[in-house]
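Going by TrEMBL, these are the annotated features:
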BINDING   12  chloride binding site
DISULFID  139-157  disulfide bond
BINDING   170, 174  Zn(2+) 1 binding site
BINDING   170, 174  Zn(2+) 2 binding site
ACT_SITE  171  active site, proton acceptor 2
ACT_SITE  171  active site, proton acceptor 1
ACT_SITE  300  active site, proton donor 1
ACT_SITE  300  active site, proton donor 2
């Protein structure tokens, strides 16, 4: 191991891990490029050709997210079939009096319904599932195993909305993983690799965000059997999940290049934006320089959390 990037990737047990990642990206890239082209065209129609060039990268500040990593907040501009009903169970959650505690209990019931373990009362006593009123906390969602085989906790400032409901299930998937391996010696309690935990959490998140599951919870009355409805739903997923991939790839490749010395220390910010354009077709909203340090604004950079997982 020669640097921090090599150390990060050591757990994946591949001699060509970066090449493996690039190979996977090449399979996804045509889909992303089609999505990018469609979104750019809709933004060009909305803002005008003088602001959005037909063939240039998209300015990151009009994508509805500070980092351009998710485009969900511009759904009203780019949705393929405007006027068709979208899946948003937030109003029904509010009508039915959902609370953070209830959302976690629903997630627990989801796992027990597939013959997995209940979390127990200690989990609810010790977890932080709401923003405290008397102090500020860092609200980045996380799940914790205290390594004593009975104390497992989640930190999540839960909002009463659809996004938080999915996040709750994601974090509870981590807890479920902890529960399943708690009887093993400590050395065997890690995931198969750092990505495995996230894969389990994301798989559960996708499972519970389907129209059918929301119907099961009583949050949707019925599904609509129309192709336009399905396309809107799949598009909604794509501008969140697919749009995120080149951002994560660019950020981690930037960090890898910094660790290995490939990134010129006098051109770090420029190198970051070159990668953002290479992988995602995204450019900064205004001219940037080395007086700026844009990648450092992302929590995962100072927290030293790799995105590749």
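Residue numbering: from 1, along the chain as shown.
Quick reminder: no glycine exception, Cβ is built from N, Cα and C everywhere.
Nobody curates TrEMBL annotations by hand; they come from automatic prediction.
Keep in mind the model is a prediction, meaning the values are calculated, not measured.
Features as recorded by TrEMBL, highlighted on the structure.
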| residue | record | Cβ contacts under 8 Å, 6 or more apart |
| --- | --- | --- |
| 12 | chloride binding site | 20, 193, 194, 195 |
| 139 | disulfide bond | 131, 155, 156, 157 |
| 170 | Zn(2+) 1 binding site | 141, 201, 202, 204, 205 |
| 171 | active site, proton acceptor 2 | 141, 142, 143, 154, 156, 201 |
| 174 | Zn(2+) 1 binding site | 143, 154, 197, 200, 201 |
| 300 | active site, proton donor 1 | 251, 306, 307 |
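Note on residue 157 (disulfide bond): other Cβ atoms within 10 Å of its Cβ, all shown chains, come to 17.
DSSP assigns residue 170 (Zn(2+) 1 binding site) to a helix in the three-state reduction.
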